[in-house]
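Student: Before I ask anything, let me first share the structure, which is written out below as structure tokens.
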Amino acid sequence: MLADAAPLDSIRHLIGKMPPASERAAAAARARQAELTKPQGSLGRLEEIAAFLASWQGKPSPTLDRPLVAVFAANHGVVAKGVSAYPPSVTRAMMQNFSAGGAAINQICGAFGVGLKVFELALDIPTKDITEEPAMEAAETAATFAFGMEAIDGGVDLLCVGEMGIGNTTVAAAIFYALYGGSAADWVGRGAGVEGEALARKMAAVETAVALHRPFLSDPLEVMRRLGGREIAAMAGAIVAARMQNIPVVLDGYVVCAAAAILHAVDKSALDHCLAGHLSAEGAHGEVLRRLGKIPLLDLGMRLGEGSGAALAVGLIKAAVACHTGMATFAEAQVAGKVGG
């Protein structure tokens, strides 16, 4: 799919072909909401969520039978600059923990009946150090984007996007700095717990990387290639694949939103099918969501990653669907509707 044209241009072409929502289905969902046994608007954002799902699933009564968390894992060459509190080996160790069912995301998915798939992206071959050269070649970027697209099986009715990768808050900060400007300090946070000299090294790495690649950063896809990582490209591909299949998406936190921000910078409508699952405690995430035009569903002070915040939001989304499809209308319940003013 991505091999016929110049690699990055083929990604751009796909983004430009993404289908719109069904306004007819959304209108029908809102009409049903108006007839349910409650004051109009009294369920707040639950009503908005139900109409949102209806618009992307293309039916007045949305379903939520096969939600999936897809976690993409990768390692980053910039870790060699001492930007993380943990070594790259932790990424593989966490893959084993996911497989054994011992991670937080396993428990959250189990609690809410959400499927979980974890995808390793060449963990033993980190991307290049972004302070010295581009993270990936264009062909590698496109191939990884395509892998992310193919990772989304048919039958999924809600996709939660997550990540795992030592050093990936550094590349996410570099992406936001490149896209939105300001200073590195505006976007760099503590990630998995860096402080002191390590935090200063992280800040310096982001400054150096963006300065090195600045002549090429007017193109968001070059931002992804030069400053990103394999999980960033794969998550971007998964988000686009979901759109092509009319699958609504729940974004997780800070790093996932770096992939989302790339798509949004290419096309402002690219994230119309996405909800923000939560507000991360990684400081700049709130500003990122503001720029993406997303209001988070949850704010629990989390900064774990793994798709954990998105998975937690599934419980809320399931409640929205249950109310929308299971509540009686005024006529069905033989309850009088609103009278007068």
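A Cβ is built for glycine as well, from the same backbone N, Cα and C atoms used for every other residue.
Checked Swiss-Prot, it gives:
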type	residues	note
ACT_SITE	E306	active site, proton acceptor
Student: Have a look around E306 (active site, proton acceptor) and count the other CB atoms within 10 A of its CB, chains all included.
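Tutor: Around E306 (active site, proton acceptor), other Cβ atoms within 10 Å: 27.
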Student: What does DSSP assign E306 (active site, proton acceptor), in three states?
Tutor: coil
